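Participant: Quick one: this structure, given as structure tokens, is what I'll be asking you about.
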Amino acid sequence: MATNLTLETDKEIKNMNQLSMIDTTITRPLANYHSSVWKNYFLSYTPQLTEISSQEKLELEELKEKVRQMLVETSDKSTQKLVLIDTIQRLGVAYHFDNEIKISIQNIFDEFEQNKNEDDNDLYIVALRFRLVRGQRHYMSSDVFKKFTNDDGKFKETLTKDVQGLLNLYEATHLRVHGEQILEEALSFTVTHLKSMSPKLDSSLKAQVSEALIQPIYTNVPRVVAPKYIRIYENIESHDDLLLKFVKLDFHILQKMHQRELSELTRWWKDLDHSNKYPYARDKLVECYFWATGVYFGPQYKRARRMITKLIVIITITDDLYDAYATYDELVPYTNAVERCEISAMDSISPYMRPLYQVFLDYFDEMEEELTKDGKAHYVYYAKVEMNKLIKSYLKEAEWLKNDIIPKCEEYKRNATITVANQMILITCLIVAGEFISKETFEWMINESLIAPASSLINRLKDDIIGHEHEQQREHGASFVECYVKEYRASKQEAYVEARRQIANAWKDINTDYLHATQVPTFVLQPALNLSRLVDILQEDDFTDSQNFLKDTIKLLFVDSVNSTSCG
């Protein structure tokens, strides 16, 4: 006991010594972030509490086989097959049936291609099929919707009587690419009419419409969709009890797995001693884990979630160091040290920065150790290259702030799409996921793809829209809003409109690669798509001020039960 007390005392003295070496005469642009809303909550999820029983595993496999049978035995030519696939995807269990769904959608697409002239006037079926087929990366022409328009290209008013048809047309529009004017028209038409009819709908349909208008299926995070749709689905009179039982049990088992991982990561975070070593930074361990789960939620991605969470934690602290605490003169040697990525650089940086630098070094050591097991240690090179780009871009922002520079929009975006860290996270996702990726595919993603820069632009502009007011309450570098206002002598509102226009176009770039970059496996594109979805669901600056929507979402995924034993 005496030894432990001595060790703790030594640790406290060391921390005090590090912090006491900060020049207190320097004025620092402190952001005054709120403390974590979760603190050590997830430490309570012990291995015993999160253990998955052999009975649960057995029951899951039995139910999965029955759902698989249901999926295989339903004819690919039937409307029921489309509805079943859509339901399985929304309920979050499609990952169990990837191959079956892939084969079915291929058959459905082939059948459509052979019978294009067949007269199908059911908007619900046409729109649902369009969304599911494009969702599996088959290019189905948007001309399928021409039959629902008048000679002037406007959608027929008679369609307003078909709520499910309108809802599915609305959902389909979010898979549009550049130049699809009919889908632009469809989006405007469906939003207008769904909003006006929503108050008159029955509770179940009203819930679906309300949720869709807030967040369409395609741009939503699949793991977030699942618990919300489970609650909607069990209130649909025609729901399938067996399917409902399966999805609830699957959600429950995955939730236990995520709780255990959160508990382990909370211990790691506690050992980092945030409040003493990084008091200037956001305390966002749980939110970082949510981000990682939004990219990869399946049981096979435990390592990926751990490594991505740690990376986002390090990026968050580093971002706050550059953005809300350190001086420019302190940041120059720190940037050089990160580029060197070696222990000998430790003496060149301010003492209070050294704990973070050590965590940074430890992270890349851990990555190298993990990838060596897979024979993929050479992948670490790509992560280090992206980290160097990121850290240099942080310094560029600090330089702009120091010199009161508001750059032109294009110059701002070139730098800011790096500082949003989307590319760093994306490349790390691909590195740690455990899949084989060729050098050519890495090079394509980094240098040639539309999807990677589009995803970064969405993240940057959405972050600037939702975080702008908070950031301008303190000394902070210019966002896209300030750059646009200055360059074009525009209002803030006009800047927001332009940012949203560019976000919409970036989604079309994502969809273009998703549909047409057929040489690239889906698992390579999926993380970029999911990273875009993660930021798209945020309504305010939820990552920084995570006491509202994001807190409720995290609770929904990692705390609340879906009653796995009570199945309708």
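Cβ coordinates are placed from backbone N, Cα and C, and glycine is handled just like the others.
OK, Swiss-Prot features for this one:
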type: BINDING; residues: Asp319, Asp323; note: Mg(2+) 1 binding site
type: BINDING; residues: Asp319, Asp323; note: Mg(2+) 2 binding site
type: BINDING; residues: Asp463, Glu471; note: Mg(2+) 3 binding site
type: MOTIF; residues: 319-323; note: motif 'DDXXD motif'
Participant: Roughly how many Å lie between the Cα atoms of Asp323 (Mg(2+) 1 binding site) and Asp463 (Mg(2+) 3 binding site), rounded to a whole value?
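Facilitator: With distance taken Cα to Cα, Asp463 (Mg(2+) 3 binding site) is 15 Å from Asp323 (Mg(2+) 1 binding site).
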Participant: I need the most crowded of these binding-site residues: Asp319, Asp323. Count other C-beta atoms within 10 angstroms of each C-beta and give me the top one.
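Facilitator: The residue with the most neighbouring Cβ atoms within 10 Å is Asp323.
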Participant: About how far apart, in whole Å, are the alpha carbons (Cα) of Asp463 (Mg(2+) 3 binding site) and Asp319 (Mg(2+) 1 binding site)?
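Facilitator: Asp319 (Mg(2+) 1 binding site) has its Cα 14 Å from the Cα of Asp463 (Mg(2+) 3 binding site).
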